[in-house]
């Protein structure tokens, strides 16, 4: 046995084959080991995501197939078959939520990671209000079934009962578990959460289909009353008499509650999708911090203009619905709507552009940390914009190719162009706001307090000392502090008097500076846009849809194609407006 110092005698040749081959084999082994670790670490998670995503997509497609069959009214597939399928899905989701809550209750001693960005109290409060309205709708459905129980299927009575139970349990789940980052039973939980996501999506699609069918029947009745023929109106009333005197009230009231039920289910599916994306995720504690309560000083112009827009919206809605039924006032009602829309959209474009200019002047870097909730918000904004963009471009094509010249021809053209521009501006403004980095002093979280700077090793409060100083002379209270530390170690504590400036501030609280002029302007812009989006949601949600009544698009594309476009675009536009309200409120809190 001997050692080599300097050059290896065995490798004096031009090429050292044994050494190179061994190093290459070791390199291959390292690459293989790394690849094996990557596959074993990431592949099962991606595999579970793909499998659960395919499962949920197929659930939605089964429901869509049943809906398409029901749309053909001579089909053997009836509404009771679709409701039976959805009822089974809701029962399965109820079983999963009960199992999840029981498992979490047994694991209450273990700390569960939370994603504070998943939702906020005001979003859950708004969803609770929408859920209450959905429960009222279920009560009306039960009353409708009681009146016609002699000639309708029992599924029509079971469905609202299960839906009400599902709504109550789901609201409880959203309040207490939607922020959970699941780290146990991950594969099973992925299937459970995605099942809940697509069950709510299917309930949303069912509500959209029912509401669109009801509005289309009302539209055809209106056209028949105005003298248009060859329109088939589908009558969906049961073939027996109602045993109570409230059936007509229940039937008419249902369609005023559909918009709230539709928004409830689409928002729940979005929140559950964020929970699904968080399964197995490692939370970055540095970015997982909420902000303190939002200050509202400086709000004046935005709320006033927003309330003015909301009040004018209510007036336009009442006038439009009452005047569009008459042949004499029909065109003036449509022209009034377009003029109102042009004024509203011009102010919204100006507000969004002003907010973008303010952000561009600040030069604050963007926040690139991983945040599934924020990413989903921006994706939904752009995705749901496609509905109204398609509707607007169809209207522009119809105006440019029209042979008739009604008084609202060019106002329809300007209104459609402004719809496209306004969504551009608003999407950019919201995205810019959500991705802006916040000042460190404004990111303190009362639930996750950070250590005060006085205990830091690199404290900026510590004065610099150069050379040797007499600490007892400089700080007369120093011996008292030393005595306190010694007494704390022995279990006896005697406090020394402190100067007022030395009293430590509460942990997690910092003195907030009053908002500057830019923050005040941005807050007013956010409030104004919130009120405007609520206004533009109210109009189509409660029957003000001039795209059905102006006749220009129907003349160009035909009745069936244009109604198909509207049935696709209007639900997306309604969701866009309500989702914009939620996103803009988050912008208001972040400013």
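In case you wondered, yes, glycine gets a Cβ from its N, Cα and C as well.
As recorded in TrEMBL:
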{"type": "TRANSMEM", "residues": "55-71", "note": "transmembrane segment"}
{"type": "TRANSMEM", "residues": "83-102", "note": "transmembrane segment"}
{"type": "TRANSMEM", "residues": "122-144", "note": "transmembrane segment"}
{"type": "TRANSMEM", "residues": "156-176", "note": "transmembrane segment"}
{"type": "TRANSMEM", "residues": "188-209", "note": "transmembrane segment"}
{"type": "TRANSMEM", "residues": "255-276", "note": "transmembrane segment"}
{"type": "TRANSMEM", "residues": "297-321", "note": "transmembrane segment"}
{"type": "TRANSMEM", "residues": "333-359", "note": "transmembrane segment"}
{"type": "TRANSMEM", "residues": "521-539", "note": "transmembrane segment"}
{"type": "TRANSMEM", "residues": "559-576", "note": "transmembrane segment"}
By a Cβ-Cβ criterion of under 8 Å, what residues six or more beyond either terminus of the transmembrane segment (297-321) are in contact with it? 333, 336-337, 340, 344, 347, 514-515, 519-520, 523-528, 530-532, 534-536, 538-539, 542-544, 546
Output the single range from 188-209, 255-276, 333-359, 521-539 maximising the number of Cβ pairs under 8 Å to the transmembrane segment (55-71). 188-209
Might you confirm whether the transmembrane segment (156-176) is in contact with the transmembrane segment (122-144), defined here as three or more C-beta pairs under 8 A between residues 6 or more apart in sequence? yes
